[in-house]
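Novice: Quick one: the structure is below, questions incoming.
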Amino acid sequence: MSQLNKHAPAAWGTVPMVPVVLALIAGILTADWLNQPLTLPWLIIASTTCLGGLITVIRRSPTRWWAVLGSGLILLSVFSFGAWRFNTGYLPAQDSFFAHHLEQGDFLSGKVENLKPGRSRMRAEVKLSHILRDSGRHVPVSGKLLVYLPPDEQTAQLKAGDEIVLNAEPSEISGPLNPEVFDFRAYAARRGIHHQVFLRSAADWRVARQSGGGIYTIAQNWRRAWFKTFQDHLTGDELAVASALVIGQRDLIIEEVKSAYTDTGAVHVLAVSGLHVGIIFMILTFFLERVLRLNRTNFGRVAIILISVVCIWAFALVSGLSASVQRAAIMFSLLAVGRIAFRKIHVFNTLSVAALVMLIYQPVQLFHVGFQLSFMAIIGIVAFTNYLDRLVYLPGIVARKSWSAISASTGAQLGTLPLSLLYFRQFPAYFMVSGTLVIVFAFATMFLGLLHGFVAGMLQIPVLAGGTGFLLSFVVELQNALIFFFRKLPGALIELRFFDGLSSLLLALSIASLGAYLRWGKLFFLTSSGGLLVLMLIWAQTQVPGTDEGNEMTVFHVSRGTLIDFSSGSRAWSLGEQPQVKDLDFSAGPLRKSLGYTPETTFALDPATDTLLPTGIRLRYPCFDFADSRWLVLDGKSERLSEPDLSGFTHLLVINDLRTKDMPDLTANQDFLIVLDGSIPFYRWEEWHGRAAQSGWKLHITGEKGAFRLPE
């Protein structure tokens, strides 16, 4: 037997890092599914299996089962390590978590990690370090806190990296109060944040220490200076889009512009990501190789890669070092190392190593939408671009490059399609054209943004800065115009009423089977792709609520307001007052979109309301009938002239801060459910709970339990 066969290790093919990262991902998902913050058992399993795997590597055997055993032990070790690492990152299970030590009158101290403008307040993510007590004792703690700061001069001067002291009592982040609404609590938990605090004035907090002169602070100073060069020559939407696309500052983008980019499938260019880092890398490589011609010697080639890597990480810091930029910087750094070693690294190995580094550092990134979309986009490009590129041969270099760009854009869309439909339930119909054009414009904007920053910020030549600023503004204005043009085309956006995790999985398997067919040409993969697609369509269609569904009623939680929807199939009506458009996403909008209805009429809660809807729903203020239920509205703003006759009523709807002392007499044999909506302020809830416990009432407070729906 040859020496090669005797000592042959387990063969994992040309992409050995792929099974490793898949094992790590499986461990993280398993730990999340078990929802038990165990660390020691996983650590023991990981250590034991790692030792076993090392033994199979050191003491090799010519038998195949020995190599398979070694591979299994190594992957099991990585799997267990992933579960252990995920559980160690769950801060509430740690003894040092701040909520376990917080007492009345304590102050909290921590460092601001991130600042983001909110709807009416500045939102800061603070990494806590100490609890400060009146006795002078400082208790070391861990954990993150979401701090909402008032919009004043003190808040405007706050910077990332500053250490602040808070005088406030944090509360747990609450879940969604209306059906189908975005679950911010789950989103924040994935970022390691479980508590929040609202500060009323500047007296509730102070800056204990301003950020020093570290690398991150220097990068942020560069970012502000770069942004200042944009402010001097751009205005309005052009300034907002250029700032977002070049330096990652997105707070100036208005909702209309963001919505247009989202509807056309181009919103990814507004968040600095791998696309932008790749453009930077291409520009640097072109300048160093084609202009300076440093690639003629070995030393010059090494210098090209080192300069490129340093510039990429500098750009990553200046743009805010978001997760997507970190991923791209790691991947391009690995590619650079391969070029220094004169070796071609398989892109899947590069992706796997980047994912390993990021998931080991922060396992919860696996659940971030940006993390998933970035990797799936690259996988789609690698899997489909070459085959799509060869489908059509066009004469002329411009036509061929254009088709190549369309192929890459299509590959990225195929890779991200299952996740896009799962998270957003919409699909841009003209993505092949709009996605390609926006990449071309992104390249031009990045180039002009870099050039303008260099001319206006470093050279400080007003005439040249005026020219680069004009060109940058013109390119961004044209890009915005094209986005709005595609948005207005008929059928530009395909919206789905239902698309769940199983649908996404079936579609992903179908696309993967199609990629396998293109790679290996076996009919089995093509048949599997079609079968999985049909199965997905059948499943999704059976889960969509039909237009012949029975009547439904929803009492939404609307802050300081009342809103009730009555729906019958595709028809619907509202009672109360419609929220503003900007508030619909947090109240009735998501459920209406999911069920596919828009209210035909909104009836006011006043004595003039007296109507019988076609479905038999009767509205006669202060009463209304729905199915087998009969409701009486008790309004705190209306004067009650006499004791109401409560016979026949099943529900009482309490609105507009009606006090418990103003409630009618409820006899013990009357089994009412009392519903308090969002017009009852939170500081009255304790009063209502006390009276309910004393009188035996059944309460449903929408601010605690969420919207009330019939049928339940």
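Each Cβ is built from the backbone N, Cα and C atoms, and glycine gets one as well.
No curator has checked TrEMBL annotations; they are predicted automatically.
Small disclaimer: the values here were computed from a predicted structure and weren't measured.
Relevant sequence annotations retrieved from TrEMBL are reproduced here:
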- 12-34: transmembrane segment (TRANSMEM)
- 37-202: domain 'DUF4131' (DOMAIN)
- 40-58: transmembrane segment (TRANSMEM)
- 65-84: transmembrane segment (TRANSMEM)
- 245-519: domain 'ComEC/Rec2-related protein' (DOMAIN)
- 266-287: transmembrane segment (TRANSMEM)
- 299-318: transmembrane segment (TRANSMEM)
- 347-364: transmembrane segment (TRANSMEM)
- 370-393: transmembrane segment (TRANSMEM)
- 430-451: transmembrane segment (TRANSMEM)
- 463-486: transmembrane segment (TRANSMEM)
- 498-518: transmembrane segment (TRANSMEM)
- 523-540: transmembrane segment (TRANSMEM)
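Tell me about the surroundings of these features in the structure.
Specialist: Note on the domain 'ComEC/Rec2-related protein' (245-519): mean pLDDT across this stretch is 84.
Sequence-distant contacts of the transmembrane segment (299-318), counting only residues of its own chain at least 6 positions beyond either end whose CB sits under 8 Å from a CB of the stretch, comprise 215-216, 219-220, 222-223, 226, 247, 276-277, 280-281, 284-285, 288-289, 293, 325-326, 328-329, 332-333, 336-337, 339-340.
Long-range contacts of the transmembrane segment (370-393) within the same chain: residues 268, 271, 273-274, 322-324, 327-328, 347-348, 351, 355, 358, 400, 403-404, 406-408, 410-416, 418-420, 511, 515, 518-519, each at least 6 residues beyond the stretch ends and with a Cβ under 8 Å from a Cβ of the stretch.
Residues 229-230, 232-234, 237-238, 241-242, 245, 257, 260-261, 264, 266, 428, 430, 433-434, 437-438, 441, 444-445, 448-449, 451-452, 455-456, 492 of the same chain lie 6+ residues outside the transmembrane segment (463-486) yet bring a C-beta within less than 8 angstroms of a C-beta in it.
With a cut-off of 8 Å between Cβ atoms, the residues of this chain six or more beyond the transmembrane segment (523-540) that come close are 496, 498-500, 502-503, 506-507, 509-511, 513-514, 516-517.
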Novice: Tally Cβ pairs under 8 Å between the transmembrane segment (266-287) and each listed stretch (12-34, 347-364, 430-451, 498-518), then give the stretch with the top tally.
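Specialist: Highest pair count goes to 430-451.
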